[in-house]
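Annotated features, as they stand in TrEMBL:
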{"type": "DISULFID", "residues": "Cys169-Cys210", "note": "disulfide bond"}
{"type": "DOMAIN", "residues": "40-267", "note": "domain 'Lipid-binding serum glycoprotein N-terminal'"}
{"type": "DOMAIN", "residues": "281-488", "note": "domain 'Lipid-binding serum glycoprotein C-terminal'"}
{"type": "SIGNAL", "residues": "1-24", "note": "signal peptide"}
Amino acid sequence: MLWAGGMGLGTIGIWLMLVYASAGCEFGPLPYSVTGIVCRMTKPATLLLNQETAQVIQAAFRNAKFPNITGERSIRLLGKVAYGLTNIQVNDLSIEQSEVELREDDAIHIAIKNVSASFKGTLNYGYAGAWFLQLFHSVDFEIRASIDLDLNIKLMCQKDQVAADASDCYLTFHKLMLHLQGDKEPGWLKQLFTDFISFTLKLVLKSEVCNEINFLAQMMANFVHDLAANFVQDEDIGVDISLASDPLIKANYLESYHKGFVLYKNHSDAFSDSVFSPSLLTESRMLYFWLSQHTLSSLASAAFLDKRLVMTISGEKLQELFEAEDTEVQQKTVQTIFQGTSYNDSVAKVWSLSHPQISVQPEGTVVKALVAVEVTIFPAGQEPLVVLYMEEETTVTVRAAYSEKKLILQPLDPRVEFKVFRCPADPSGNDPSIKNFLQTMISAVGIPEVISRIGPALTSLMNSKGLNLFEIKDPEIITREGYVIVQLDFSFPNHLLLDFLAKKL
């Protein structure tokens, strides 16, 4: 479970996660009010991701299923000449340049310059002469083409999920040359068939390549949606990433809005007081995530309901906690509580008694919870004995950072207020030394220990979703009243897209 954010058609695929259009979806009059998560990708990020375009365009060409091309024409003296091109396949393909442009309130324009392609296949032809002479031939052919490809990607919302329309696709041919069996055939024959088929071939190439690009765009849309949904899902706890509003497409960035409702088993929460406004985010970094306080608080509540806010401490770690201060008073107090039992025969259990309250403030995320602590000893040959039970209200401000692919949580200003205290060594509860010691130990050592365990647990969870595949650069986690902003630069893991295409194509 994630408490706080970290964290071409390849280009198109990533954009699909971040930008959505509204066709087919209806939103309320105040859609920002139900926005729990916002993603913003700026122009530098789109330029970086555009480098992945070539891989997918190559896949589109290679995976296109070209139909047989047939035709005939009457030629003076030769009669009717019929031809058919079969087994058309892409042999060599290279892309010289790819450019991307964000067209405000319209579409994403991708211009692929100088696509050099070689198509091979078999040419079958025959003609009936004026004197009833019939000749039929079959020769191998190669077509060399130089093409510019222009795509205008429309992004649409269907059933609260993204759908991509890449049908606005244009191929411009700068060169289309037909070679027959290494140019061994007569020149007139080559010229004849070049004239016959060039126009038809251009139409077929445009249709099949553009259809394949449109198909890949839809497939990438589903892939990225599933990837994002999986990232915010862990067993019975998930987050609703369906759209809360129309996207915002500007010349310098793309922005999408998501409900961010927490889903737990058959329950879903809702809210209508989001404080989000596009003005809260800047354009200086490549990628931004805006997370509402409500979403974070709901995640903490779901973790509580799922009984995840439980921790046990034993052995050497328990000894470290209780002997953090090596003083005579401390030693006497510990001996009194544990009744001389070894730490190896003891265990402490810590758990939350109620839903943690989350409040995001400029100084950090303030977590307030009613927590229980129970210490049990296991004397040799005797029944287990509870030697300490406490319920205390703890309040701590947590600052988060992400460095070297690890989430680091730093507790500040921890405060403890006892609500229930039972200790057999102090039945009346009037011994101030025990309470004072425990209060100091919990604030100075216990709370930091709990927080230090949450950080690696969340890191492991996020890495299991693939976050460690990305090279995240200089991430910042900024807290403001009511929300968190995560801003960062990144490098895209090339193999992620290649592995996906290898499985699907």
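Glycine is treated like the rest: Cβ placed from N, Cα and C.
Neighbour density for Cys210 (disulfide bond): within 10 A of its CB lie 20 other CB atoms from the protein chains shown.
Sequence-distant contacts of Cys169 (disulfide bond), defined by Cβ-Cβ distance under 8 angstroms and a gap of at least six in the same chain, are Leu149, Asp150, Leu151, Asn152, Lys206, Val209, Cys210, Ile213, Asn214. Note on the domain 'Lipid-binding serum glycoprotein C-terminal' (281-488): its mean pLDDT in the predicted model is 88.
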